[in-house]
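So the structure is just underneath, and the comments pick up after that.
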Amino acid sequence: MAIARAVELGVAVAGVFAAFGAFAVAQEDVYKRTYGDGRFAATFFVLACERAVNCAFALLGLILVGGSGVVVPRRDVLSSGASQMLAMAASNEALRYVSYPTQVLGKSCKMVPVVVGGLVLGGRTFTASQYMSTAFITIGVVVFNLGADARRASGVDSAYGLTLIGVSLVMDAITGGLQDRVKRSTKALNQGRANARPSVYESMLYTNLSGAVVAVGFALVTRQMETGLRACLEHAELARAVLVYSFASAIGQNFIYYTITNFDVLVLTTVTTTRKIFSTVYSVFRDPSNELNRTQWFGCSLVFTFLALDAVTSSLRSGVARKTADVTKSAPSKSQKALDSASSTTIRRRSARRAS
């Protein structure tokens, strides 16, 4: 069982890395290239397109595969989608007011608010090894990103931009807590069914539906819906890049919601937080000219060490849990012992009567 679960998680992680590797390339095509007189800046328009495509994929998946048949806590799922979109919107908007290293530093700390959200909103408990892994993986990612981006233009970090980063982290905490609450609410609404949970496509549809509403709202208020549509109509290459960006996101989200549904929110956050490091290390092996400096290698060593530690401790906990369950099943209960004792006494009395 443990090996099967490890293989299952490995496939999910590989899917996330591959899909969002393509997503990152398309993202550069959208934001880094020059279209007409300048670069494309309608972020909320792109987010609205991405969420709409995700909804279409999820709806198609529901039609082809079907739902879970359980009562889904739609309000909690919709709320998590809205808070997730607010986190993305605040993080993207912050780039206009703070330096890139400052924004990356905020994104690197995402695991911490997810743990806090799980404690406060999700009613979860974490082990000492999970706290330790969260702390050191976060430190490793921060060191890696600062080492990579230290030479970028620093600029001036405005108070408004720092506030947006704070809002993004708070929304990450709320999202993590709400995603944990979805699992608890589903069990409470389906008490007669063991392992009740929404399907991958149910989670994907409701989460992206509320996210799309939020993104469209921001796009309309900031007039980016109008400017984004005009730019895509004028530049076919931009329209193609936005479509690739959205489709790569939809494919990646299949793996993301599979991981949320079948594993754990903290596991998913660990995967998405460390994806950049794995991608960068892969690029070094593929092209040695993309070498890492000592600071980045130190950050990598911290991340890999504590990812391995977390995998080992999780495996040990699973083994202990299975042994405890086996012992519990094989050991007779107190009531069973009492019944056996009473039965033995009855048999002895009957034997004594027959003998007399």
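Keep in mind that glycine also has a Cβ here, set from the backbone N, Cα and C atoms.
Because TrEMBL annotations are produced automatically, they should be read as predictions rather than curated entries.
Noted in TrEMBL for the protein shown:
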- 347-356: compositional bias 'Basic residues' (COMPBIAS)
- 327-356: region 'Disordered' (REGION)
- 40-65: transmembrane segment (TRANSMEM)
- 128-147: transmembrane segment (TRANSMEM)
- 159-178: transmembrane segment (TRANSMEM)
- 203-221: transmembrane segment (TRANSMEM)
- 242-260: transmembrane segment (TRANSMEM)
- 295-313: transmembrane segment (TRANSMEM)
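Using a Cβ-Cβ cut-off under 8 Å and counting only residues 6 or more beyond its ends in the same chain, the transmembrane segment (203-221) has close neighbours at 42, 44-45, 47-48, 50-52, 54-55, 57-59, 61-62, 72, 74, 77-82, 84-86, 89, 182, 228, 253-254, 257, 260-261. Proximity of distant same-chain residues to the transmembrane segment (40-65), defined by a Cβ-Cβ separation under 8 Å and at least 6 residues beyond the stretch ends, is recorded for 30-31, 33, 85, 88-89, 92-93, 199-202, 204-205, 208-209, 211-212, 215-216, 218-219, 222, 224-225, 227-229, 231, 238, 242-243, 245-247, 249-251, 253-254.
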